[in-house]
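Annotated in TrEMBL:
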TRANSMEM  A:12-36  transmembrane segment
TRANSMEM  A:48-66  transmembrane segment
TRANSMEM  A:72-91  transmembrane segment
TRANSMEM  A:135-154  transmembrane segment
TRANSMEM  A:160-177  transmembrane segment
TRANSMEM  A:184-202  transmembrane segment
TRANSMEM  A:272-293  transmembrane segment
TRANSMEM  A:305-332  transmembrane segment
TRANSMEM  A:338-359  transmembrane segment
Amino acid sequence: MFDRRLFTNFDWTLLALVLVICSIGVVNIYSAASSYREIGTPFFIKQLYWITAGIVLCLTVCSLDYHMLEDFAYWLYGGILFLLLAVLVVGKTSMGATRWIHLGFFTMQPSEPMKIVIIVTFARFFSRYPVFQGLTLKDLAYPLMLLGAPALLIMKQPDLGTAILVVLIAGTMLLYVGVRWTSLATLFAAAIPLVYGGWRFVLHDYQKDRIYNFLNPDLDPQGSGYHIIQSKIAVGSGATFGKGFLHGTQSQLRFLPEQHTDFAFSVFAEEWGFIGCLVMVVLYLFLILWGLGIASRCNDRFGSLLAVGVSAMLFWHIVINMGMVIGLFPVVGVPLPFFSYGGTSMVTSMVGVGILMNISMRRFMF
Amino acid sequence: MKPKTYLPEFNNARRIVWLSLGAFAMFFLLLARLWYLQEVQADQLLDQSENNRLRFVPVAAPRGAILDRNGKVLVSNTPSFSVSVIPQDVKNKEQLIDNLARYLNLDRKEILDKWSKGQGRAKYYPLVVASGITRDQMEFLEENRLSLSGVNIEMKPIRQYANGDLAAHLLGYIGEISENELTSDRYKEYNAGDYVGKSGIERAWENYLHGSDGGRQIEVDARGRFLRTVEETDSSVGNSVVLTVDLDMQKVAEQALGDQAGAAVAMDVNTGEILAFASSPDFDPTLFAGRMPPDKWKEYLEDKRRPLENKALRGMYPPGSTFKIITAIAGLEEGLIDQHTSVECPGYYKFGNSTFKCWEKKGHGHVELRRALRESCDVYFYKLAERLGVDRIAKYAKRFGLGAPLGVGLDQEKGGIIPTSEWKLKRFGKKWYQGETLSVGIGQGYVLTTPLQLASMIATVANEGTIYRPHLVKKIVDFDGKVLKEFTPEVIGKTGLHPETYKLVKEGLFAVVNEPHGTGGMARLAEVKVAGKTGSSQVVKLRDSKGDVPYQFRDHALFVAFAPYEKPEVAVAVIVEHGEHGGSAAAPVAGRIMRSYFEGKGLIKKPVPKAPPKTEEEGEGAPVLQGAPAAPGQKPAPAPGPPAVQPPAATLPKQQ
């Protein structure tokens, strides 16, 4: 099974790109957490552990032929959906949200693997589905049900960020497959009452507050608008060249919330300025384009869809996180892939990259 | 290729291009926003980030001292210890409150109240829980520091008035800056919560006294906890203001005025330096710096004697007969009278339909200038005023600096009124009546002067024609004793009269004090020749009423004087509100002030305070009496006029 071609075709560029971003992330976490009164292992060391674990996972994923996923796709989907249901019943509640579930010896957050699983599921579905000049409404019915079930369950936890991401990933894949203009228009028309209903009955007050505050952060500068304002101050005060490593006042004096996780990029922007941000944005753009390139070079439909899905997952994480810290989007707890501290995000992203590498190095095998 | 290609026209490459373009667009949007924040709004957001982390904690500069002309302290600072708590450093709040309550002998609730009042403030900000603690308590707390984490003992300088109420009006008081003051140009450098001079010297010389406040720029974290001091500017203590006032003379002036409402101003004839500037009754300036008890405030406001008004500066009184000096000068200068010009005084003067009375109902009979001044004959001056007319009187009054503020260097100085026919037309739209001129001639009617102006006027008479700007500040001295500014005599006007005029008027003024029938005998000093003029100014027209006149309708008593007669050094103006007779109420006050001046110069021996073992005579006056014959020995007896014929008169001021 281990072909020599696998090694020669290994996507070193992608690995290098990911490692560069991870390294910058570690350095940034060192700065972001340097003001914390830490107990035990410092965050940047723990992040290094996570990166190592992630790389191992990534290489494991890419050593197994991704076509296996095609066979397991619905089983995976069913399993994770079951766990999502289970979370609602026996989940662990912390900070007002029920996202975690005890699985004997470890605790997991089933909404996170759902990001990957929805990609696999959609790739599996559309790889065998005939499409003539875009998807009609009828064509969309089944996939939308596949998407709707986990999305609603995740929203119910509530975890708005992940729900939106799952929808956006699936939506991007649908666009890649091709949707008819008429179907799109109809969907949008139908979405209006749905969004209204969701606003009225599904969204929690704190989520509404976040949206209100995003629209006008000055309404309550000390309250929930605080995060956006402080983050914008941090980013903007970095100016062209930044305040220098470990010299960001907003971060070192803890004016930023969640500064080693969701707001890690604010810390970076404050200390490295526009030049640093430019480098990061270019690196991420390169990552996304590389992923899409893998999709376009892949000769089989499943692999191509998979690559687009993974690229979309990374893309939306990046856009939503960066957009949030610079005040383009409301505050939703979405981490920046490979950059924010955290094992969950690292595992998901590394699995995604593993899939991309997998596809990349097997494209000549058919 | 595996046979999955039954799927029709999956246009892979074209869709990838579209998705790539979408990704490009989104990332471009992110970059555009980053550009906007980090390049366009950078300065503004940088400011905001600085505001986030930096706080300024002002440290008030200790105020400069106010000293008398001999360097004796009038106002200084005294340390006041207060206990404050810095919430961020407190480990156990409940226990700390218990300890503080026990150590300071305070109610637990009291401390808790003050604590919770400051709850909203930043955590690094010291919360004062007890102020004005004693030195013993302070030391006790210092010793028990370990059990009091988070407690800070602060030393704050507060104003100390070395002589209590003495010269309260002159020195003034300080208080927290008001809203109005904050918005005015004068205080544009100040911040809310600063203490500034509110009246008197404290206010007028605020610039020098205040010093420059220091402060600490501190860095705080998001929870408002102090992290470090970024920058520290030391405060520098204010400069000291050395007054021209002599503490001893000021004391004597205020003692002599006693409880009576009134004012006394003593001035150096040859420099314009003010030696005493008393307004009575006094108030307690320390009450204004802290919290004024409401009943005390009410008491001040309701007191008919107006303790809060600086009468020396702002009290406007008809000068009464003291104004006859001006009328006499005008007459002499205009050539209407000479020393022999005489008038027959029957006790009244009929003018038109009305009768103007002389204070001496029996009449003075044959009166020429010297006697007219000595006995203050009204009829003489009615007739002279009639011939002069109001405008010519006003001309000379103004030459002596009356009718306008002199610029003594305190805020809100009053200027008084010297009426002219033009003034009346402008003010009331009515023409001047000749009859009104007669009132002006004896310092009644519309004429109003301040005690300060009267002192300046008599000083100008004494020095024969030079108006010095009356001033209260001799020099400004910095903390190291270096003189920053010294105020030299400033001539603000010359009267330009004939020397003969002064000679005649001064002879008359000498007679007032030193000759029989003189109205000002009670100001006489045995050792030094005093010249002066009494005055009683009508408050209401009640000349005919008999018996007890209610207090508020009684005449004001005035006296202006200078001494020594031959070579004048000191000039004094005294007014005792509703004191009725200048000769009995005001002249003794002036006498005591002048005595104090010459005691200071060593010309008059000071009475030994506790005399009994030394002399058989009783009381304090005795040594003075004995000193009297000795005086001519030290200094040859001056020529003109009979010297102190009535020795007991010299002691009268002491008995007052």
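First residue shown is number 1, and so on along the chain.
Any Cβ shown, glycine's included, is placed from N, Cα and C.
No curator has checked TrEMBL annotations; they are predicted automatically.
A contact between the transmembrane segment (A:305-332) and the transmembrane segment (A:160-177) is present, since 3 or more of their C-beta pairs, 6 or more residues apart, lie under 8 Å.
In this chain, the transmembrane segment (A:338-359) lies apart from the transmembrane segment (A:72-91): fewer than three C-beta pairs between them fall below 8 angstroms, excluding pairs fewer than 6 positions apart. Same-chain neighbours of the transmembrane segment (A:135-154): 77, 80-81, 84-85, 87-88, 111, 114, 117-118, 121-122, 125-126, 129, 162-163, 166-167, 170, 174, 177-180, 182-183, 186-187, counting only residues six or more beyond its ends whose CB sits under 8 Å from a CB of the stretch.
Beyond the ends of the transmembrane segment (A:48-66), by six or more residues, the same chain brings 1-2, 18-19, 22, 26, 302-303, 306, 342-343, 346-347, 349-351, 353-355, 357-359, 361-362 to within a C-beta distance below 8 angstroms of the stretch.
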